[in-house]
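A.B. asks: Attaching a single structure in structure tokens format; questions to follow.
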Amino acid sequence: MTDFPVVESVPALRARLKDFRNKGEKIALVPTMGALHDGHLSLVQEARRHAERVVVTIFVNPAQFGPSEDFAKYPRTLPSDLEKLASVQADLCFAPTMEAVYPPGFSTRVEVDGPARADLEDRFRPTHFCGVATVVAKLLNQAQADVAVFGEKDYQQLLVIQRLARDLDIATEILGAPTLREADGLAMSSRNVYLSKAERAAAPALYAALNEAARLIGAGEAIEATLARASAALGEAGFLPDYIEARHAKTLARIAGRRDGPIRLLAAARLGATRLIDNLAVTHEA
Ligand code: AMP
């Protein structure tokens, strides 16, 4: 057991944060759903570059799961999460109770448009970003940190949260951080534990397909034909692709050609019962 500090209520969180602020220390927030892996820990390290104190939130938010999704079986590993947070010298874990986030009578939701309606994740998870935006708005208000760090792994989510903070005048600066990958390219994810041995062996095909498509599009190949081949490659590897698309990296608007960029490739695909997402920038070759 670790004695890493955890608070479970908003008043307790604010009391700790007040101590930090009274010492003139900047605060960074790293919101997560726990089941921490090295990708999450890389966000803590990025956060540390911007603030003296790093607060990691752990809350499995029911509002962002669809009715047929994995809320009930989502991995919950608080003791080992706290050990990991101690190992990277985070300062505090905020693991609010369900009541602290959704008190009796809770009646407010944050409706998001723009990047949240880009016809990517939202096509397959129509209530997801409202759930994310509502909980993230709450966490940002609860902590009022100087910065908050989110992963590019969930690229559409990052843009939704940046838009949310701008639109609601939330003073916390929203920073993105790169995706940490396993040695074979698979993006680290708490959901990777669901993969069978055979699925885990096939899973790097998602990154491989994105990587190859990004290389070809960067070298001038036609976008639609390249993505169609990438989708076929995913199918051959055993995935059922939901989408693999090229979008404007800042707005997620559809693009007709390379000159409309900067381009981000975004994909989601199912491997057995597990749904994986990933994305990659297209960098232009000379
Ligand atoms: P989650 O716990 O999956 O909701 O993720 C919490 C935060 O960690 C989000 O900002 C994610 O984008 C980020 N994240 C998840 N996986 C990775 C990864 N492999 N590399 C970097 N950040 C990640």
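The chain as shown is numbered from 1 upward.
Backbone N, Cα and C define each Cβ position, glycine as well.
Here's the feature list from TrEMBL:
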ACT_SITE  His40  active site, proton donor
BINDING   33-40, 151-154, Leu180, 188-191  ATP binding site
BINDING   Gln64, Gln157  (R)-pantoate binding site
BINDING   Gln64  beta-alanine binding site
A.B. asks: Which whole-number value in Å describes the distance between the Cα atoms of Glu152 (ATP binding site) and the residue listed as 'active site, proton donor'?
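C.D. replies: A Cα-Cα distance of 11 Å.
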A.B. asks: Out of the recorded positions His40, Gln64, Gln157, give me the one sitting nearest to Leu180 (ATP binding site) by CA distance.
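C.D. replies: So, of the listed recorded positions, the one sitting closest to Leu180 (ATP binding site) is His40.
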A.B. asks: Rounded to a whole number, how many Å is the Cα of Gln157 ((R)-pantoate binding site) away from the Cα of Leu36 (ATP binding site)?
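C.D. replies: Just about 18 Å between their Cα atoms.
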A.B. asks: If I take the alpha carbons of Ser190 (ATP binding site) and His40 (active site, proton donor), what is the distance between them in whole Å?
C.D. replies: 10
A.B. asks: Return the members of Leu36, Leu180, Ser190 (the binding-site residues) with CB less than 6 angstroms from at least one atom of ligand 1, or none.
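C.D. replies: Checking each Cβ against ligand 1, the ones under 6 Å are Leu180, Ser190.
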A.B. asks: If I restrict to non-local contacts, at least six residues apart, and a C-beta distance under 8 angstroms, what lies near Met33 (ATP binding site) in its own chain?
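C.D. replies: Long-range Cβ contacts: Ile58, Phe59, Val60, Asn61, Tyr74, Ser190.
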A.B. asks: Looking only at C-alpha atoms, tell me how far Leu36 (ATP binding site) is from Gln64 ((R)-pantoate binding site), rounded to the nearest Å.
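C.D. replies: About 18 Å separates the two Cα atoms.
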A.B. asks: For His40 (active site, proton donor), what residues in its own chain, 6 or more apart in sequence, show a Cβ-Cβ distance under 8 Å?
C.D. replies: Val30, Thr32, Val56, Lys84, Gly151
